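Annotation comment: TrEMBL describes B:20-39, B:46-67, B:73-97, B:109-127, B:155-174, B:202-226, B:232-265, B:272-291 as transmembrane segment.
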Amino acid sequence: MSTQTLTKPMLKIEGLHAWYGESHVLHGINLELAEGQLITLLGRNGAGRSTTLRSIMGMVDRREGSILINREEFITKPAHRISPDARIGFCPEERGIFASLSVEENLMLPPTVGENAMSVEELFEMFPNLANVRKRMGTRLSGGEQQMLAIARILRTGARLLLLDEITEGLAPVIVKTLGRVIRDLKSRGYTIVLVEQNFRFAAPLADRHYVIEHGEVIDVIEAAEVEASMDRLNHYLSV
Amino acid sequence: MDPMIRLILAQGMLGLNNGVFYAMLSLGLAVIFGLLNVVNFAHGALYMLGAFLALILYSNLGPWLGIDALHIGFWPALVLAPLMVAAFGMLIERFLLRRLYKLDPIYSLLLTFGITLVLQGVFINFFNASGTPYPGMPDSLKGVVNLGFMMFPKYRLFVIVFSIIVCFGTWFIIERTHIGARLRAGTENPELVKAFGINVPLMVMLTFGFGTGLAGLAGVLAAPIYSVSPLMGANLIIVIFAVVVIGGMGSILGAVVTGFSLGLIEGITKVFYAPASNTVIFLLMVIVLLVRPQGLFGKHG
Amino acid sequence: MTDIAEFEAETAPETVKRGRVVQGLAWAVLLAAVLIAPAFLYPVFAMQLLCFALFAAAFNLLIGFTGLLSFGHAAFFGGAAYIAGHVIKVWGFPPILGILAGTVFAAALGWLVGMLAIRRQGIYFAMITLALAQIVYFFALQMPFTGGEDGLQGIPRGHLLGVIDLSQPLNMYYFVAAVFLIGFAVIYRVVHSPFGQVLQAIRENEPRALSLGYNVDRFKLLAFVLSAGLAGLAGSTKALVFQFASLTDAHWQMSGEVILMTLLGGMGTIFGPVVGAVIVVALQHMLSGIGSWVQVVIGGTFIACVLLFRRGIVGEIARMLKVGGWL
């Protein structure tokens, strides 16, 4: 298990606990990543991967511990200040496209959080499918279109840290491939990314490091370079 | 023109005039319900408050301040009273309703019912329970207009046109603007909207203020037509509930259209069987419940 | 506390024992109070308390044990009063038959209202019951036999079973006390029957009750009819007590008052509605000198209960004594 500390972490989480109502879901998560890096959170359903992202966003009933983003503490911030102050873009499980909003309205919904945001034109260039459906209501999009919209929506805000939850779930292989290109492109543009992913084959070539989560705790950390050697362990963690 | 048709048209116009209030109140109720999941029982009482504020601005404020010549008239009241009602509504949201969002919505209904009783009781104590006429109707709106089939009071015509503009404006803001998109998104998934960096609690407070402000505006509009009385809202809110059950609270346009149509139907009922006119809306509600329980514009059962 | 912990605490042997003792004491206090009340209170006032206590207990059957908020119970209470009054005064029926007629009428009306209202859920249910009750109110206002604004006056109390003169205050009192105790015992039995257990399952989790194969709508409707009928029993009895059926009893404000009684005493408790009714009625008596400020006090109590005191008085006591479900 790697214990090296990064010299300049962009996101550093220590001893993160989280609760939904009375149920204690996270039991002390520790993780960190530097600017421009991509990490994945692996694990079985219900292990606490999505809850980790939701805790960063303040979307749990109670959270404790420390969440440092660019050395600023976010654990006590109200939910609506987190995205603007930390320049985070969040792409939730099941995409979170608003059914009563058109594609354009969905795209323009989140407030801008930083400079050098991608323009709508750039985004339509990146996701040409979306340009054709810009007036369509959110409900009337295919799963792939919804996913692209959900990613485009946070890129428009100027966020630098992207939290992406299960973006390949339920999508056709050809679309998963496109998303892979998109993520690689975003990484090369310097975005810092946390990926919750079920599809290890999709995540493996993109990630700098993998965190394995079980029962609300990080049980293993595997650097990209160690993946080959750790396949047995990984298979064990991810087998149902 | 056939006298029967003339009568129907005339009663229809008067009915439409009541429909104005059904539409504006059920619209506010729907806007609030959409975002807050709160049925605001106090909506009728806030409508009454709007009417009383108009009356107070005209008749009482001067004497209270010792300036007998001070009469703040209809036009300023049309702006001031709704703003005051909205401010009052926002206080209710901020300090009372906000504590109940995690509970069953019946608690917020009961809370606003309590507020209704308090407001009503206070005004019965300070004003005549049977009603006071509003003396501040502007001269420019006095008199009648010839509609061809009837002489119609100019003021009532103004109320109909003005409220259609207000209702359309509200629809436009909610369905066609950026602010409205935030509101619709907040209705669907407030948690995610918050995570995007939008101050949802503030949005909720402003929305409640807007909805109650609409009730206050309706109250000011009503003041010159009906006498201003502490009970004017209580009886209305029950009709509004029936309107809302008929239309379903899911649609802004649905609330408006249902409100105006039911006013019209109620008016025309007067022509055929007057005693049924105050129950016809309730009977229509029964029919809708039997035939289409989710309401005319409701999406789910 | 989690559900399981709560369940374990409630079914622990010592809790059950304590619960039985506390409940027995509560029954004893209630019976004693009912029996000796005329020694301390004006009989008419004591009877008024009993009528409202029964009304609130009937209402609680819905809100407390089925999770349905009816905002139209005045229609059953007030409507039954008119029917009982008319049957006794105009048709010359004996008092018991009059009360029975009012009760049956209220149950039938409850069947109609319930059938319509259960077509929608949650908050809509409350709005629909309120609107339907308003139809009953307009009927009471406009029908020739109700006396409109004046109400139906001069209902004779008559003789119970042809022998006991009910115009004697004490005779009347013990008759009302019997009606109350019978009604209250029926509610207690219903709540603790298998039927009542299903109702509470519906209150806790309607989809689960549905998936267990219960015909949820039928249970809701039956609970509604029972509640309406018992509210009618209370209303008919009150009409006989005051020899008067009035619009006030059918007005929406009465629907609100019975909610307050139940909320203040404790929704879903056995004895709460009785306590709440006594407090609200007594409050109204004491404050009758301050005119419509009473309404402000009632409204303020509503607000306070909802914000600070949702368990109600008996609910709080039960929690302090750790005998939840037993009081």
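In case you wondered, yes, glycine gets a Cβ from its N, Cα and C as well.
In TrEMBL, annotation is done automatically, which means it is predicted and not curated.
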Recorded stretch that, among B:46-67, B:109-127, B:155-174, B:232-265, B:272-291, has the most CB pairs under 8 Å to the transmembrane segment (B:73-97): B:46-67
For the transmembrane segment (B:155-174), distant same-chain residues with Cβ under 8 A (at least six beyond the ends): 13-14, 16-17, 20, 23-24, 27, 31, 137, 141-142, 145, 180, 183-184, 214, 217-218, 221, 224-225, 252-253, 256
Seg_contact(the transmembrane segment (B:20-39), the transmembrane segment (B:272-291)) with at least 3 CB pairs under 8 angstroms, min sep 6: no
Long-range environment of the transmembrane segment (B:232-265) - Cβ separation under 8 angstroms, sequence gap at least 6: 12, 15-27, 29-31, 33-34, 39, 41, 43-49, 51, 116, 120, 131, 167, 170-171, 174-175, 219, 222, 226, 280-282, 284-285, 288-289, 294-299
Tertiary contacts of the transmembrane segment (B:46-67), as residues 6+ beyond its ends and Cβ separation under 8 Å: 21, 25, 40, 73-74, 76-78, 80-82, 84-85, 88-89, 119-120, 123, 127, 132, 134-136, 212, 215-220, 222-223, 228-234, 236-237
Long-range neighbours of the transmembrane segment (B:202-226), counting only residues six or more past its ends (CB under 8 A): 17, 20-21, 24-25, 27-29, 31-32, 35-36, 38, 40, 42-44, 46-55, 74, 77-78, 81-90, 92-94, 97-98, 131, 134, 136-137, 141, 155-156, 159, 162-163, 166, 170, 182-183, 186, 190, 193, 232-233
